[in-house]
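*Asks:* Handing you a structure now.
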Amino acid sequence: MIERNPGLIRDRKYHLKTYRQCCSGKELVDWLMRQNEGLQSRSQAVGMWQVLVDEGILAHVKHELNFHDKDTQFYRFQDAEFTLNGSTNEKDSEDELQEALSLLSQLGPDALLTMILRKGQRSAEDLEVIYEELLHVKAAAHLSTSVRKELAAVLVFESHAKAGTVLFSQGDKGTSWYIIWKGSVNVITHGKGLVTTLHEGEDFGQLALLNDAPRAATIILREDNCHFLRVDKHDFIRILKDVEANTVRLEEHGMAVLVLEKSADSSGQGGAGNNSKYTVMSGTPEKILEHLLDTVKLDSNGNDAIGSDFLLTHKVFMSSSQLCPALLHQYPAMSLSDGSDQEKAAFILSTKQKVVKLIGQWVALFGLLLRDDPIAFEFLEVQKLSCLHSVSKSICWFVNLFPLDSVLYEIFRPDSKPLTVMLPVNTSVQEVMAAVVKPGGDHILVKMNSAGGETGQLKLDATAVYTALGLNERLFICPSSQVEKLSPLREQLGPERGTTDILEQMGSKDTANELTNYDWEMFTAMHEVELVYYIFGRHKFQGATTANLERFVRRFNEVQYWVVTELCLCEDLVKRAVLLKKFIKIASVLKEQKNLNSFFAVMFGLSNSAVQRLYKTWERIPSKTKRIYCAYERLMDPSRNHRAYRLAVAKLSPPYIPFMPLLLKANACQDGENCSRMQKSAVR
């Protein structure tokens, strides 16, 4: 900073007072924005400077705790004397600066959020930062958008330094609701002692506020330096009342069939009239569909986001056998009870056009997948609305696998000899066995991996078992009496020699390009609905397949263990060090190409304990390469619900290949927090 902007640190006068050798907050932010082109807003730069304030490296002249982006707020670096090393290589200085900025950019968001939570008055930008964070907090996963926005305005940051601190005791009056932001607590009751332990993202203290009752348990800090997000009782009760006041319930025969919540932002629904100001919270599938059609805009181009969400997830709560008749029921549309004949005709025409537009969106989303849904396909043919003939499949390395497509099953006998047969993807175990052995025997189909020869018998009604095999699993068929005698195939035990000689001849960029091209073909072969089937359980949806998704997930493991295998099989220390450096370079290129799936696969391979134990190899890695590796390693930090990864993704513009295992985990957690059913036959 002194080398590039020597005038940044100087004496400053404000209100007739002189502040020696300091910088203004605004100038510090300006300087940081110029140094780091990746910064998308000034608030990001504020967070980075806040890290230095929290660490005591930078201090406000009046000892304030928060960093301010203002001309009239002054800061000093705590080291009073600065020495310039003229012999330092300019390129090395630039590398060190970029490394420091990279570290601060990862630590900055946490510091910024903590600073905002300490504020008494919060700006609109501050509230947006808190709201974005609440989207990924487990305790707030089931809350609506409006509730999260209200919480963003009232959450209070609270921290305690020592383990063993009693937050409140059983019998105390309930005054607050708590969300664990960092650390963990023990829940203790009289008579039972330790009942449970709560961790980051979980909450406690609601019951006493809801029932206006004494605390039912004692909460004790389990570790040092615990942080909490606290909501005081009066704010908690007010938010509950606001939610009730903004909730609209449509009832039929004494039961709620549609529950809507007024939304502060009407743009999200994309609807028409007053309905666009409400968000669907729960309801029967038929009423949700009716509301959805009511909000369809005929004058808009492209697909409606809310309609896409409904269509992609409809099988969770409304099968095709229910959806098709429901669409037909809406299509004729009863006329208005009031109004002129012209108004009634216009209403009927508009309703029919909305149904047709929604069906067109359904076809555009699912394409050839509807071919494997006989009910939907027949519905489209009968109604003369089928657009399937115009849906084309692009030629790629990996053709999209559909439930009725045939794949080559390779099944091994006890003597390790293979049996091969072409069968549909969704073939059941019983059908597989019928195709390879004569009926009447006591044969069973098992899958076996190389980890101690572990086997698992497959149920007769299980489907698509071949495409669901793990990285090192194979199918075996044998009499039930021979299961314990089965042994893994030679190929399952792994290679004896690496391919270092081949890898030496390939450039890091070329290798990364091949990985990305391969991954992109597999990624684009997936359909979004496969994520829905995978999260909720493929067995719950008749005829569903997740073969393309499972193939892509398996790809992550292939790349991860390829890295481990190559490094561990390379016996020459010098060559192994070169190979390790090359894998770090490959990870760099993958990150630049926005292939996060293979980037993290390589990084997980490098962080494998077998690789980490190669101490002499790591000692030969240049310090600059080690710094790059450490910066990438921080992106794997799971704290704050993988915030480091989420922030990295937020800076990317599409297209990019996501880190699929984490995406599946995040969606599975969301499903666990949100009940899909509410009351009888109502969807939430």
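Every residue gets a Cβ built from N, Cα and C, even glycine.
TrEMBL: automatically predicted annotations, no manual curation.
Annotations per TrEMBL:
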{"type": "DOMAIN", "residues": "1-79", "note": "domain 'DEP'"}
{"type": "DOMAIN", "residues": "139-240", "note": "domain 'Cyclic nucleotide-binding'"}
{"type": "DOMAIN", "residues": "276-416", "note": "domain 'N-terminal Ras-GEF'"}
{"type": "DOMAIN", "residues": "507-684", "note": "domain 'Ras-GEF'"}
*Asks:* Helix, strand, coil: count each for the residues of the domain 'Cyclic nucleotide-binding' (139-240), based on DSSP.
*Replies:* 26 helix, 41 strand, 35 coil
*Asks:* Kindly state the mean pLDDT of the domain 'Cyclic nucleotide-binding' (139-240) in the predicted structure.
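*Replies:* Taking every residue in the domain 'Cyclic nucleotide-binding' (139-240) and averaging pLDDT yields 93.
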*Asks:* Could you break down the residues of the domain 'DEP' (1-79) into DSSP helix, strand and coil, giving a count for each?
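*Replies:* Across the domain 'DEP' (1-79), the residues distribute as 24 helix, 20 strand, 35 coil.
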